[in-house]
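*Asks:* Take a look at the following structure, please.
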Amino acid sequence: MNALAATSRNFRRASRLLDLDPKLEKSLLIPFREIKVECTIPMDDGKLASFVGFRVQHDNARGPMKGGIRYHPEVEPDEVNALAQLMTWKTAVAAVPYGGAKGGIGCSPGELSRSELERLTRVFTQKIHDLIGTHTDVPAPDMGTNAQLLPLVLAPIYPIMTQTMAWILDEYSKFHGHSPAVVTGKPIDLGGSLGRDAATGRGVMYATEALLAEYGKSISGSTFVIQGFGNVGSWAAQLIHERGGKITALGDVTGSIRNKAGIDIPALMKHRNDGGALKDFHGAEVMDSAELLVLDCDVLVPCALGGVLNKDNAPDVKAKFIIEAANHPTDPEADEILAKKGVIVLPDIYANSGGVIVSYFEWVQNIQGFMWDEEKVNNELEKYMRSGFHHTKAMCKSLDCDLRMGAFTLGVNRVARATLLRGWEA
């Protein structure tokens, strides 16, 4: 089942639990606008190359649409549509005044030079500048456009990853004047928020604390397996390690490693920051990446691509809790299998909402022209994450459903109420 079908299925289940009017249900599912553009740029060798860019603006009932822009060879309309819809529910669950959007360009950023990526970003911005804006649609970083540490094979493009939002801001400002709030996830020097780079990973940590506390457990003394060691995975690993969690296995595109006694995360970060690949780290043994998701642990944290937990590997999952730090890592078929096994899954629309929450803080700071210190950012993020978990659990109790449906019904209900209040049938 592809991402769009899975997201739509979860929405319809939530809609039935809420007993929504069929016409309202259909209205909420249909995107506000879908944009497809051809971005043709001169390459460094003088040849022309064309890349397809997408932006799906799903819903604006609760405020400006919000969502990342990813650079990845597998970017395609269904995935972008599903992720835009997820952002609508995610922003509602997080209680930030946004709707959902998502975008991307089908490209392999590791195969493009810095100048080629800049030209591609600027052309994409030129094509969509009149459809985004501070109070319309506010893009953010995502896969391939984030300030993330990359595997050794992609190391030459690392300096570019903090630049993408800056290029969009600069190109947009040529048309509309200086507009720092048009994008979030910017460099600090251009109006970015302190704490934004760590926000999604920190939010994952707060979400994990909240879930484990519900079952009388804590991060300290629990064992963790983390799939993905980019921005989200590396920050989650560091913060979980700081709180006494034992990370027994990690994996990324270069390979997977494990150490039953616990991986020394500060040493691993130094190794990776020095340009080393995960599989070359001496403080752990190399393992088969196919086994990573089914290792014995208390908490499994998928932080990479969607669909990694499916009907084939779900029966073998041994974790007691799964924290969905990635978007759509669990297929619906896997969800059913995991539920029967008694595995508690904390859904992506809540678990990885730390990024969009701090993006909201950045947007607020830009509009006010008044910047916060990092302690305030982190304290406010913790409040939002704990409140989101509290309200999700309340929906679970009210509707007698699991956490995924609790979060979906919370988000859908908030969007439906805003839609009705604004007058959706006119």
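A Cβ is built for glycine as well, from the same backbone N, Cα and C atoms used for every other residue.
Keep in mind the model is a prediction, meaning the values are calculated, not measured.
Quick paste from TrEMBL:
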- LYS66, LYS90, SER359: substrate binding site (BINDING)
- LYS102: active site, proton donor (ACT_SITE)
- ASP142: site 'Important for catalysis' (SITE)
- THR200, ASN231: NAD(+) binding site (BINDING)
*Asks:* Where the record says LYS66, LYS90, SER359 bind substrate, what is the longest distance in Å from one Cα to another among those residues?
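*Replies:* Max Cα-Cα spread across the substrate binders: 13 Å.
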*Asks:* Around the recorded substrate site, report the further residues of that chain (criterion: Cβ within 8 Å of the mean position of the Cβ atoms of LYS66, LYS90, SER359; site residues excluded), sequence-ordered.
*Replies:* GLY67, MET87, THR91, ALA94, VAL96, TYR98, GLY100, ALA140, SER353, GLY355, VAL356, ILE357, TYR360
*Asks:* Just checking: which of LYS102, ASP142, THR200 have a Cα that is within 10 Å of the Cα of LYS66 (substrate binding site), counting only these recorded positions?
*Replies:* LYS102
*Asks:* I need the nearest neighbour of ASN231 (NAD(+) binding site) among the recorded positions LYS90, LYS102, SER359, using C-alpha distances.
*Replies:* SER359
*Asks:* Including all protein chains shown, what's the count of other C-beta atoms within 10 A of the C-beta of SER359 (substrate binding site)?
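*Replies:* The answer is 28.
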*Asks:* Roughly how many angstrom lie between the C-alpha atoms of the residue listed as 'active site, proton donor' and LYS90 (substrate binding site)?
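*Replies:* About 12 Å separate the Cα atoms of these two residues.
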*Asks:* I'd like the Cβ neighbour count for LYS90 (substrate binding site), meaning other Cβ atoms within 10 Å of its Cβ, all protein chains included.
*Replies:* 29
*Asks:* These are the binding-site residues: THR200, ASN231. Which one scores highest on other Cβ atoms within 10 Å?
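*Replies:* Max Cβ neighbours within 10 Å, all protein chains included: THR200.
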*Asks:* Which residues does ASP142 (site 'Important for catalysis') neighbour through Cβ under 8 Å, counting only same-chain ones at least six apart?
*Replies:* GLY67, GLY68, ILE69, ARG70, LYS102, GLY104
